[in-house]
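Have a look at the structure below, then the notes.
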Amino acid sequence: MHGHFNGLKTTLLFALMWAIIMLIWWATGGSRQTLSIYIVIGLITTFGTYWFSDKLAIASMGAREVSEQEAPEIYQIVRELSAKAGKPMPRIYIAPTMSPNAFATGRNERHAAVCCTQGILQILNARELRGVLGHELMHVYNHDILTSAIASAMATVISYLGYSLMYFGGGSRDDRDSSGGLGLIGALLSVILAPIAASLIQMAISRTREYDADEDGSLLTGDPEALASALNKISYGAQTTPMRKTAGTQSVSAMMIANPFSAVGFSRLFSTHPPTDERIARLMQMANEMNGTPIAPPTYSTRVGR
């Protein structure tokens, strides 16, 4: 099981982001007023997105809330899993796109929403859909929207501190007054590299939370193999029926169960999701540990049909 390691990794990544903030803050002169201003800016710029995350994400996807009569299977699964977790049932939405995907959003359990695309409902069977919904519910129960908001706020602070170092130099510390702070080259490196480093750490936190949702969701459903099979189908479906790239879909892509926009090579470092094959391998290992028997990973030949 990787849960405790993932939690430690998330904590260490946040600590690293804070260390970067402290380093750049020190380089800018260590003014508490400056740091306070940028922290407030970071909180303000992310608060709205966090507080209204459910409304913004749903609107971005053009999704609509559905009744139990319209989506009885989803309601049955979500009601069962919510009751099992001892949590209130979220609202259910369906997005009008044939690209298979799903996401959960909301600042807490009482303001949560789960959204499935029309495409995912067509390619997954009930067992696989249950695995996906378990994953999404755990994003809500693990407060991953809040985690993402904090990471985003810290990245914003780092960016502003970098720009401050670029435009205002190293402040008034005696040991830097005579040398012009870190110098132009140091300032340029800071303004360029600091936001990149912050973004890399932010994406690493996101990938860690995906692994946690995979594991915790599988513990909730008791069926990691179902989620592995679902991810396999979703990955294939995203290639054959790609999601249209718009400002709305891009803003929600980090919340989705699988990255709808392919990331290859160096760009994987900036991906919000771990590689699908690695997620599947972990899930199959988890299934093996739970069942006590080796289970072969799903192959591409299993991606069609229900």
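Numbering starts at 1 and runs along the chain as it is shown here.
Cβ coordinates come from backbone N, Cα and C, glycine included.
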Additional site residue, E65, E68, E210, E225 [criterion: listed by Swiss-Prot with H135, H139 for Zn(2+)]:
E210
If one measures from the C-alpha of E136 (active site) to the C-alpha of E210 (Zn(2+) binding site), what distance in angstrom results, rounded to a whole number?
10
Report, as a single number, how many Cβ atoms besides its own are within 10 Å of the Cβ of H139 (Zn(2+) binding site).
26
Distant-in-sequence Cβ neighbours of H135 (Zn(2+) binding site), under 8 Å, six or more positions away:
A213, D214, G217, S218, L227, I257
Return the residues near E210 (Zn(2+) binding site), defined as same-chain residues 6+ apart in sequence whose C-beta is under 8 angstroms from its C-beta, sorted by sequence, else 'none'.
T272, H273, P274, R279
What does DSSP call H139 (Zn(2+) binding site) in the simple three-state scheme?
helix
Please give me the CB contact count at 10 A for E136 (active site), counting all chains in the structure.
27
